[in-house]
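Annotated active site per Swiss-Prot: His73, Asp119, in sequence order, evidence recorded as sequence analysis. Residues annotated as Ca(2+) binding site in Swiss-Prot, with similarity to another entry given as evidence: Tyr53, Gly55, Gly57. For Cys52-Cys144, Cys54-Cys70, Cys76-Cys118, Cys86-Cys111, Cys104-Cys116, the entry in Swiss-Prot reads disulfide bond, with the evidence type similarity to another entry. What Swiss-Prot records for 1-17 is signal peptide.
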Amino acid sequence: MLIFLWCGAVCVSLLGAANIPPHPLNLINFMEMIRYTIPCEKTWGEYADYGCYCGAGGSGRPIDALDRCCYVHDNCYGDAEKKHKCNPKTQSYSYKLTKRTIICYGAAGTCGRIVCDCDRTAALCFGNSEYIEGHKNIDTARFCQ
């Protein structure tokens, strides 16, 4: 009886999970890189709505060094799309987290390597930039013109 209940719970759990759309693989890789480089008390999600460029879209001038990391990352993705015909949000790539740095694998000039380098540069930039609480959830209409 116990085995039947356990199997039923697993099947229901798997069926429920089947309706959840997967995150694009690259975004999962990028989140892992960010978690590796930022201070322990922060979560990657705290960077998702920061300044004028960290999060969806972006406009105006970056408001600080951390926001500039996101601005550069956005432009890097834009270049990958326009110049190299890559799709950064779904591009898979190989990398290694080691000794407080990130190593991207793959041949130079390939979409995987280009996108990995964009994410690597941004994640390391996040780790070296001050996080200012007052720059989270700012009024972008007011401060990002």
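Yeah, the Cβs are placed from backbone N, Cα and C, and that goes for glycine too.
Mapped onto this structure are the features recorded in Swiss-Prot.
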{"residue": "Cys52", "record": "disulfide bond", "CB count, 10 Å": "23"}
{"residue": "Tyr53", "record": "Ca(2+) binding site", "CB count, 10 Å": "25"}
{"residue": "Cys54", "record": "disulfide bond", "CB count, 10 Å": "24"}
{"residue": "Gly55", "record": "Ca(2+) binding site", "CB count, 10 Å": "15"}
{"residue": "Gly57", "record": "Ca(2+) binding site", "CB count, 10 Å": "9"}
{"residue": "His73", "record": "active site", "CB count, 10 Å": "22"}
{"residue": "Cys76", "record": "disulfide bond", "CB count, 10 Å": "18"}
{"residue": "Cys86", "record": "disulfide bond", "CB count, 10 Å": "21"}
{"residue": "Cys111", "record": "disulfide bond", "CB count, 10 Å": "18"}
{"residue": "Cys144", "record": "disulfide bond", "CB count, 10 Å": "18"}
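Cβ atoms within 8 Å of the centroid of the Cβ atoms of Tyr53, Gly55, Gly57 (the Ca(2+) site) belong to the same-chain residues Gly51, Cys52, Cys54, Ala56, Gly58, Cys70, Asp74, Thr140, site residues excluded. Comparing the disulfide-bonded residues Cys70, Cys104, Cys116, Cys118 on other C-beta atoms within 10 angstroms of each C-beta gives the minimum for Cys104. Just so you know, the Cβ of Asp119 (active site) picks up 26 other Cβ atoms within 10 Å once every protein chain is counted. The CA atom of Asp119 (active site) is located 14 Å away from the CA atom of Cys86 (disulfide bond). Cα to Cα, Cys116 (disulfide bond) and Cys54 (disulfide bond) are separated by 18 Å.
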